[in-house]
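Colleague: Quick paste from TrEMBL:
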type	residues	note
DOMAIN	564-670	domain 'PROP1-like PPR'
REPEAT	181-215	repeat 'PPR'
REPEAT	216-250	repeat 'PPR'
REPEAT	339-373	repeat 'PPR'
REPEAT	409-443	repeat 'PPR'
REPEAT	549-583	repeat 'PPR'
REPEAT	584-618	repeat 'PPR'
REPEAT	619-653	repeat 'PPR'
REPEAT	689-723	repeat 'PPR'
REPEAT	758-792	repeat 'PPR'
REPEAT	793-827	repeat 'PPR'
REPEAT	896-930	repeat 'PPR'
REPEAT	931-965	repeat 'PPR'
Amino acid sequence: MLPSGSYSYTHSQTSRELRHQILLQQHIYSPSKLLSLHSPKVFLGFNNNHLKNHNFSRKKHCPLPNNSLLGDKKVVYSQTQKQRSKESRVSLGFKLQCHSKSLNLPTKGFSVNGKKKKYGGILPSILRSLESNNDVEKTLYSFCENLSPKEQTVVLKEQRNWERVVRVFEFFKSQKDYVPNVIHYNIVLRALGRAQRWDELRLRWIDMVKSGVLATNNTYGMLVDVYAKAGLVVEALLWIKHMRLRGLFPDEVTMNTVLKVLKDAGEFDKAERFYKDWCAGRVELDGLELDPMVDSKNGSRSEPVSFKHFLLTELFKTGGRMKIGGSSDEETLARKPRLTSTYNTLIDLYGKAGRLKDAAEVFSEMLKSGVAMDTITFNTMIFTCGSHGLLSEAESLLDKMEERQISPDTRTYNIFLYLYADAGNINAAVECYWRIRKVGLVPDNVSRRTILHILCERNMVREVETVIEEMEKSSQQIDEHSVPGIVKMYINEGLHDRAKKLLDKCQFGVGFSSKVRAAIIDAYAERGLWAEAEAVFYGKRDLLGQKKDVLEYNVMVKAYGKAKLYDKAFSLFKGMRNHGTWPDEGTYNSLIQMFSGGDLVDQARDLLDEMQGAGFKPQCLTFSAVIACHARLGQLSDAVDVFQEMVKTGVKPNEVVYGSLINGFAEVGKVEEALKYFQLMEESGIPANQIVLTSLIKVYSKLGCFDGAKHLYKKMNDLEGGPDIIASNSMISLYADLGMVSEAELVFKNLRENGQADGVSFATMMYLYKSMGMLDEAIDIAEEMKQSGLLRDCVSYNKVMACYATNGQLRECADLLHDMVGQKLLPDGGTFKMLFTVLKKGGFPTEAITQLESAYLEGKPYARQAIITSVFSVVGLHALALESSESFTKAEVALDSFAYNVAIYAYGSSGEIDKALKTFMKMQDEGLEPDLVTYINLVHCYGKAGMVQGVKRIYNQLKYGEIKPNDSLVKAIVDAYKSANRHDLAELVNQDIRFGFDSQQYSDSETEV
């Protein structure tokens, strides 16, 4: 089994990615986990028609009517809307007033890069020529020498990459009548920033300043935006400081850009402060200390860059206008935002911060201020309400949106898709997807990915294939990121052929990136399908010579590890460098944990040394796996060596590491060492968890240290969740060893009441009662254990059998044996030990038991089945005995004497004398001479059938020395005469024994004639 630190690609990961995509469509991101919702629930009132106070749980949803998404007007309804609560609530009681402005656009259109643009004159021809011709300069010389500045702007904007933007810009600059302007520089700077060509951007900034062009609000807003989107949040905000030092006050667009940057960085309070300062006519960033930001791409944290350092760079030495003395009216006047986009950002800001009341107030303020709402406004508010459990309010917003003729877009439905799925209302989510087309919209890539993810996660094969068919009819290909989820669904349902067919089709169509290919391999690896994973790993690549990514190697290692194909995993690791891929930290961690989990500790240690030699630092989990492996193998000194190496490397041990060492020393009874590491753990500030305390209780239990164990158990009771089952069972065992019945009963009672008692708990209590002579109580526990379905292995069956056997309940022992056989549990050595006890207590001949024990120990064929048959016979379960005996009496192999003897006994006991005698004759035909056990069983058959002459014949053989004297045989003869109702003959045998034979002769228990 591969350890938990190995690579894994789960649906939860895909879900997070989908959620991110849905929100990116409206610049909405997931609510911050750093802030909790402290404000009261806020409900939006429309036309005094207030919504119900509804606390929507993620695990519960409001069921929708079957036609909830099929009506002509409304997309979604909630039953909660029909039931109005009378509880107190906050209601803003406002009306939505939406204003729209129509723009007069040119009518002539064309398409560039798949996007429809509308320009007039010669522009469409120029743009088409530039798009189809790589010789940019030639096209420009042909068409663009006499363009107006506005036309030049259009040509610049429509270029598809930064290099072409620069080439076009250089051409325009080369024209003798060209006048530099800030709009053109803004376009170039934006293109370079989006491409993260920071050095080229710096040079263009310097060039702009030298050309006498002054940066505007648009320039600074654009720079803030591109730096922030590149993960340079601190640097992005420093542009505002630069702007203020030049005496320029941010306009609303720039302010909104800064607001978005702070919001997306999770700096909600600082974003709000910046907004309120701007409204008050001041923007002072000197007191706005920025926390270290996390790079969203690689997860690393960047320390704040000091303004002094940033200002001294060549970039900030130039550019901008000199600061104008004094304060302008623009800076001191209070202002209110007028742009819809600003209000949208504020709603999203408060929504992410969990401040629903403030979000609702911003929404209300838009109405009061006459600011037009748009689709983004409603989408943002819908997500804000829905993601905080107010799904009915989100649905009502959609209704009001349509009433005010603001049309929902595909993104609106994508948000509801996510919200319904997150609430567990899959039917509503599916209907929402199909509704997109019914209202005249087209599902986009996010819609399709979301619905496929929802359905695949629940293994809804038919529904998934319906969606795929609809996509194919629309000539839409399956997005590669959806493929791993579909493959996993097919694997879960055992439809491997369909999974392969899908992969072949998608590989031919869209192909796979390394990350997606790794996720597909992982889907197979999780189910132990290493061969299928291997086929994907070594399968066709999209590009000739395309090398495999290290991620693919890592999950293939995982696949081999789960299948315990350690040699294959190590061979793959050794060969990856030859194919141009070098192992990373994850590769080493996975391999070391894999080998440790397989108890291949030498290989794990070698790789640990190699990993550190390569400059990688092992994870705590990796060290922990090696330490646990050494501890399991009893190599505690080596485990301590790895622990010391871990500390020396600077990796802090966690509770798992300490727990492995404590448990290892506990198992071998080294109390002082176990307590030493327990003390080290406490000194490190790591609180003892259940596993550690359980290990210590085991130590004290083994040593019989009652006070220490009791103290730790009491400490566990104070932990959340209380003591685990292992600790409780250890305490019951300790009490049992000490004979403390009432204390053990108290722990056992708590376990039963909490539904935690397992087979060990019951077995230990049975042992306690049995050892204390409380057989009735022991039998009650055995019966309860049997009724509870806790008999799942040989150990539990053996313990219950022992209890029944002690109490003389042999029939119950045989019933348990039958249950074991029915569950296909192979009886172990402990089981057969109990079966021999049952035979002895059941009066089975001593010589026959000895013969069976010998056959069992020698491992003779059918010895085990013969013992089972004997047990069924001796307790009177004759039908089961005969059924069991058929497994060897009908076998096409030569049998030993013990097998024939058991068959004769089984047939005789069940009254089938003819079959018993035929078995005896078959035995003779096979050349086997009857032994003492044979004679005993034959006498038993003769007596039961009233065949007195048969009994006399064997008695005469005994009397005249043909059969060696034996007490068991004499007893069998006496019992046979009595069974045949010939008590006179039985008495004669008794007289012969008293007067005619030496009593010592009959004490001989030899089994041979």
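Numbers run from 1 along the shown chain.
Using N, Cα and C of the backbone, Cβ positions are placed for all residues, glycine too.
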Colleague: For the repeat 'PPR' (549-583), DSSP counts of helix, strand and coil?
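Modeller: Across the repeat 'PPR' (549-583), the residues distribute as 26 helix, 0 strand, 9 coil.
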Colleague: If you average the pLDDT over the repeat 'PPR' (758-792), what number do you get?
Modeller: 81
Colleague: Which sequence-distant residues neighbour the repeat 'PPR' (549-583)? Criterion: at least 6 residues beyond either end, Cβ under 8 Å.
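Modeller: Residues 1-2, 6-9, 514-515, 517-519, 521-522, 524-526, 528-530, 533-534, 537, 590-591, 594-595, 597-598, 600, 603, 614 contact the repeat 'PPR' (549-583) from elsewhere in the chain.
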Colleague: How many helix, strand and coil residues does the repeat 'PPR' (689-723) contain under DSSP?
Modeller: 26 helix, 0 strand, 9 coil
